[in-house]
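Notes follow the structure.
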Amino acid sequence: MGRDFSLKNTRNIGIMAHIDAGKTTTTERILYYTGRIHKIGETHEGASQMDWMEQEQDRGITITSAATTAEWKNHRVNIIDTPGHVDFTVEVERSLRVLDGAVTVLDAQSGVEPQTETVWRQATTYGVPRIVFVNKMDKIGANFDYAVSTLHDRLQANAAPIQLPIGAEDEFSAIIDLVTMKCFKYNNDLGTEIEEVEIPEDYRERAEEAREALIEAVAETNESLMEKIFDEQEITVDELKDAIRQATTDVEFYPVLCGTAFKNKGVQLMLDAVIDYLPSPLDVKPIVGHRADNPDEEVIAKADDDAEFAALAFKVMTDPYVGKLTFFRVYSGTLTSGSYVKNSTKGKRERVGRILQMHANSREEISSVYSGDIAAAVGLKDTGTGDTLCGEKNDIILESMEFPEPVIHLSVEPKSKADQDKMTQALVKLQEEDPTFKAHTDEETGQVIIGGMGELHLDIIVDRMKKEFNVEANVGAPMVSYRETFKTSAAVQGKFSRQSGGRGQYGDVHIEFTPNETGAGFEFENAIVGGVVPREYIPSVEQGLKDAMENGVLAGYPLIDVKAKLFDGSYHDVDSSEMAFKIAASLALKEAAKKCDPVILEPMMKVTIEMPEEYMGDIMGDVTARRGRVDGMEPRGNAQVVNAYVPLSEMFGYATSLRSNTQGRGTYTMYFDHYAEVPKSISEEIIKKNKGE
């Protein structure tokens, strides 16, 4: 059986936004109009079709990116719903990696919000073309022009409306399409009856001005359009559409649309814009990977059904009915169920038992997938997030995703022996699904420690253990993941020599330690000349340093951002061994700790707080009391926004404190930004606590 939709008629899109901008409702309406859902489910009633994990329905927020397939005007649209909460940035990152385009949903009253900025930045990093949907036009305080201005002011985006709303709040009744200069009026509550009418006289002038502005914004990226403007020639609808599509695909322009998903207005026109302006897999640059056996040799995965099969696994989930589901995006070639593939990242052969086309929480079994498709495979045992799957003859590894290390930890203790075994299984599965979630057993205390990107992240993990895996656990207080580093340089010697009858142990190294740039990690340089340390022992020196750095030099936290240059040493023909050089390296690090001025680093969070003006003084005082540094303030509508950097250790329980300081009218978001040195007094406390004093 051949493909149902050509590559040209395929769209892989994500829907991204700040929490509560109406993203899930928007996706829901898309599924309703494309005939995938017969009853509309409201997020605030906890019944949305995309939010299919229990936690998501309880909290009314989207956590996992469910992939859904829909059809519109003879096109296949694969939609990935991405979470808007900062603790789940990993979900956003991994979905952006496999998309060709995205719809950014804004709240018509708030415009660009803090999390919109974060997601927008991530999308820019991955070069994802976007259209913008200004949602909630029916809301009190909705202001389309203000929302568009925030795209310019806060994101410096070359964005211009391709639609204008007629009315706002309760009066929002129709939408003017500036490309075709037609007006669409909604006559019923479900938004299925749309009438094309003339643009009202009192809007005509404004619409013409907005169309001029649109043409100028697009012409900046298009020479032939610019020439037509200079020659004062008429620009046809098709020419304008083509120019908008080209500029959008090149990520040089962002068309802005309007509507209200909740009141069913503007969603079909937004679907039309997805088809008209967002790229098909053929329009985006082919993805470049490298050969598995030679990282320097580039290989291109071309969007072509006849090419060798290559796909990227971007999400792993445990499904109660079919077990492990691996979501993947096909970049080239085709795959049939029952066939074998190679996981080139891990060098393993895997069998694809079944292929499922996902629709939020129902599924349809299909026999084949083609280039450009997004589907889920059942039966892959060893494949994890970011792994490349390819044909058995192919040898490509696609660029994987990088995930941040956890910044917050807490201990979990099973309540009974039965819970113990279930918890071990649950933690293995949850780590498979979420690369930013880590679990390990503390060697000294025997406690299980879990780590993640924020309090909400770990709350939801514990919640899932209880609901999905029936694990009852006691949870400890959150702990901050501190780090250590050196502030000054020193050259030191590490010598290990042991003679106790028979064969001895001997290793001797001279290493120069210097501070590395923030975030650059550990760098090891071998500067040995003349074989004073034989080549076979060099990796042991590096490994010995890495192992010792894991346990730190001050308070047991990992040592980061340090350069180590091995420049001298000596060895013994008989007594030297890999182990002896490992120990010598760790002794050198101990010696360096005395001379290199080690310090403790703490995670600093970028915090954005929004509240009514009258609470400004209290909030600023509170930020300062938490050792925070205010980075700027700006008015947003009738509220004030404070941007600050605050240590994570001072942010526990902040939600409660903010609620009481603002009578429940303040909101905040925070995400990890960088590591910074801890003040001396606090550093001493941390060291004492860790030494059990």
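Just so it is clear, glycine is given a Cβ too, placed from its N, Cα and C backbone atoms.
The 10 Å shell around the Cβ of Ala17 (GTP binding site) contains 28 further Cβ atoms across the protein chains shown. As annotated by Swiss-Prot, GTP binding site applies to 17-24, 81-85, 135-138, with the evidence given as sequence analysis.
Mean pLDDT of the predicted structure over the domain 'tr-type G' (8-282): 80. Annotation source Swiss-Prot lists domain 'tr-type G' at 8-282.
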Query = Around Met137 (GTP binding site), which residues of its chain at least 6 apart sit with Cβ under 8 Å of its Cβ?
reply = Ala108, Phe144, Pro165, Ala168, Glu169, Phe172, Cys258, Gly259, Thr260, Lys265, Gly266
